[in-house]
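Database features (TrEMBL):
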type: DOMAIN; residues: 52-375; note: domain 'Ion transport'
type: TRANSMEM; residues: 52-74; note: transmembrane segment
type: TRANSMEM; residues: 145-164; note: transmembrane segment
type: TRANSMEM; residues: 176-195; note: transmembrane segment
type: TRANSMEM; residues: 216-236; note: transmembrane segment
type: TRANSMEM; residues: 344-366; note: transmembrane segment
Amino acid sequence: MDRLLCRPASRLRRYRRCLYSDSAARSAEGGEEEGVGWRHKILDPSSGFVNLWNHIFLVTCLISLSIDPLYFYLPYVGGKACMSTDKSASVAITYFRTLTDFFYVLHMLLKFRTAFVAPSSRVFGRGELVMDSTEIAMRYLKSDFIIDFAATLPLPQIVIWYVIPATKGNGSGHDNNTIALIVLIQYLPRLLVSIPLNQRIIKTTGFIAKTAWAGAAYNLILFMLASHVLGASWYLSSIGRQHSCWTMQCKIEQNAVPPCVPSFLDCESVTSHTLEREYWLNTTSLLSRCDPNNEDSDFKFGMFADAFTSEVASSRFIEKYLYCLWWGLRNLSSYGQNLMTSTYIGETVFCISVCIIGLILFSHLIGNMQTYLQSSDGET
């Protein structure tokens, strides 16, 4: 590595940068300074180690982006007019989610020790590599730190294990809007972390994958990820529509004899209010009015009815996951043309989003795969 030209704003900064530039040059030639431990080592952003870590962290980002929508599958219909939460799936998802959070923390720590090119020196060839740890930390804190920190927070774990159980006594133990909102808030920063990382890898190495088929497979995985997110959102929306119907009908029957108690909609009340709930089930009209198979019902499920007519909402985790993945892949590739909607505004907006996103992603997938395959033919 050639010695870098130092043009600081002050003499102290000039001395510091030149000193670190000299040590970086000697380190690259194999003569690393003695007495400099790994804790104080500044990494070159174009080095092989940083490039390898960026690839590893990009895979971790894709895994974490696929884990977060799995929280949407936790609520399920556990019996007649009641919902429950899949505890075993909650433990497994939380474990893998926490594991990926650890990689996000490591990525933040590495950013505090990774040099950057001074913007004022980019006109001189490669530019001046700033190796001062204080300047690196200040630049990171002013730029990407907030987004990285927001992406690292364990918000879904806190909601699933602390917030929702604490609100069960108020009859909102299966508030699907809370789950969706928290995951969405966390999903946006994680996208903002992974997209620039993908661009940084391409800028450094010139490609995201070494072979054309690997690049085509990478773009296909991105399309599958979008289908996974879409299918999970459809499932949670279906559960939300069913729960909304039950809640509306339960409010109507609050003054009936026997009255409808909001806790009856939680499957845990089957053991705590056995006699009262059984008596209420024998007299209530909630089951018929909120039945997706009942065409005479005033409550229309629209495109969400398939989750109950096909018994997806009461299936095992792996079964409903694969079904919803297929649902998302089918409708994303067909731009939602086969969806039968009701007049519910949220459902209509959901279908419009499916059509627009499917059109953009499918054209992006076909274009990128053609580019990779044509580059492969050109090399041969």
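Note that Cβ sites are derived from N, Cα and C of the backbone, with glycine treated the same way.
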Would you mind listing the long-range same-chain contacts of the transmembrane segment (344-366), meaning Cβ under 8 Å and 6+ residues beyond its ends? 219-220, 222-223, 226, 230, 233-234, 237, 241, 300, 302-304, 331-337
What same-chain residues lie close to the transmembrane segment (176-195): Cβ under 8 Å, and 6 or more beyond its ends? 58, 61-62, 64-65, 68-69, 71-72, 74-75, 104, 147-148, 150-151, 153, 155-156, 159-160, 163-164, 233, 236-237, 239-240, 243
Give the nonlocal contacts of the transmembrane segment (216-236) in its own chain as ranges (CB under 8 Å, at least six residues past its ends). 62, 65-66, 69-70, 72-73, 75, 176, 179-180, 208-209, 303-304, 307, 312-313, 320, 323-329, 331-332, 350, 354, 357, 361-362, 364-365, 368-369, 372-373
Mean per-residue pLDDT computed across the domain 'Ion transport' (52-375): 87
